[in-house]
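Trainee: The following block contains the structure, expressed as structure tokens.
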Amino acid sequence: MLDQQTIATIKSTIPLLAETGPALTAHFYQRMFHHNPELKDIFNMSNQRNGDQREALFNAICAYATHIENLPALLPAVERIAQKHASFNIQPEQYQIVGTHLLATLEEMFQPGQAVLDAWGKAYGVLANVFIQRESDIYQQSAGQNGGWHGIRPFRIVAKQPQSSLITSFTLEPVDGGPIAAFRPGQYLAVYIRDKRFEYQEIRQYSLTNEPNGRYYRIAVKRETMGSVSGYLHDVAREGDVIELAAPHGDFYLEVTPETPVALISAGVGQTPMLSMLHSLKNQQHQADIFWLHAAENTEVHAFADEIADVAATLPQLQSYVWYREASSEAARSAHAFHGLMALKDLPTPLPMTNLHCYLCGPVAFMQFAARQLLELGITESQIHYECFGPHKVI
């Protein structure tokens, strides 16, 4: 535990941190990658270039300083970050590297005095130990279950199938032929890529799109305009190739009783974790209403439409609707399609307010747009769960 003097010192630095903004974390990352370039094998350098990771770390530092007297308020964020760290196979000694560069950044930018540096050193040590312990537990749980493992494991691409003009799915089986770890519907796999085309190892997380079966995993990858790894998987990776995976991780997953109505709300490639949830609801013989609500630019980029239709044909309580921003005349005539932006108030059957749990995934602006509608309809914040692809943002 931190003493009151340390807490007071940390809180006194909040105005300075707020005034500096993400320039603080930009300096930190520049310093760390200069002195420890091996960490570029872990970090997504695309998120470094666009500033998303700098912003996410800055927000995390400010949140820690703000809630330094109420650390339980940070537990959801700790769990989300620990799950992501576990997918990167983060080790305890790497926290020491981060701590060294964090304190050096504070000294170089602010010259705040030894008392402030000592306080932040203590505070960082407490937080690092929380993460180290939680991640150790996650590693043990992953390795200890049937089919589980720690670190990375080679998998073969046994099927590669275009699902739309932008999204391709990959079915992956373990090279060793053994069983594979179960996962919670909504979780993701970390894919490790080493190739001469890349200066450093590249690690990306992709949501699982099938239900747990003990034999294979399926992911789906959207081709991003500037995406080096998505381009590699779309254009270079072939059936029969071997890639390495970490075990499934993630804090976004389906957690409802059979009597709980569920709304799966997505846009674009954000439907990938929802697919796993939907297949699991079907195979668990879910009893309550299920709403599949998806937004796509047009029919050309709309992935998995046939798969959803097949599920709907065998699941009477499923209501499936799609919104096309650039709808064709054929799509607009469909009884289950709308033209324009998603408007939840236009559903033929209103969403049930009582006990409905809503799962959201897609671009941040879309999730903010959908969440506002849900709140206006009477859904509470506790009924809304969401996943950000990339660094976390609050919707």
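Glycine residues also receive a Cβ, built from the backbone N, Cα and C atoms like all the rest.
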Trainee: Given that Swiss-Prot assigns Arg204, Gln205, Tyr206, Ser207, Cys388, Phe389, Gly390, Pro391 to the FAD site, pick the one from Tyr188, Tyr232, Tyr253, Tyr359 that the record assigns to that site as well.
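Mentor: Given Arg204, Gln205, Tyr206, Ser207, Cys388, Phe389, Gly390, Pro391 bind FAD in Swiss-Prot, the matching entry from Tyr188, Tyr232, Tyr253, Tyr359 is Tyr188.
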Trainee: What's the CA-CA gap between Glu135 (active site, charge relay system) and Lys84 (site 'Influences the redox potential of the prosthetic heme and FAD groups') in angstrom, rounded?
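Mentor: Distance between the two Cα atoms comes out at 10 Å.
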Trainee: Suppose the FAD site is Tyr188, Arg204, Gln205, Tyr206, Ser207, Cys388, Phe389, Gly390, Pro391. Which further residues of the same chain have a Cβ inside 8 angstroms of that site's Cβ centroid?
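Mentor: Close Cβ neighbours, site residues excluded: Glu387.
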Trainee: Where Gln205 (FAD binding site) and Glu387 (site 'Influences the redox potential of the prosthetic heme and FAD groups') are concerned, what is their Cα separation in Å, rounded?
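Mentor: Rounded to the nearest whole number, the Cα-Cα distance is 12 Å.
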Trainee: Going by a 10 angstroms cut-off between Cβ atoms, which of the recorded positions Lys84, Tyr188 has the sparsest surroundings?
Mentor: Lys84
Trainee: Can you work out the mean pLDDT of the predicted model over the region 'Reductase' (147-395)?
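Mentor: That region's mean pLDDT is 95.
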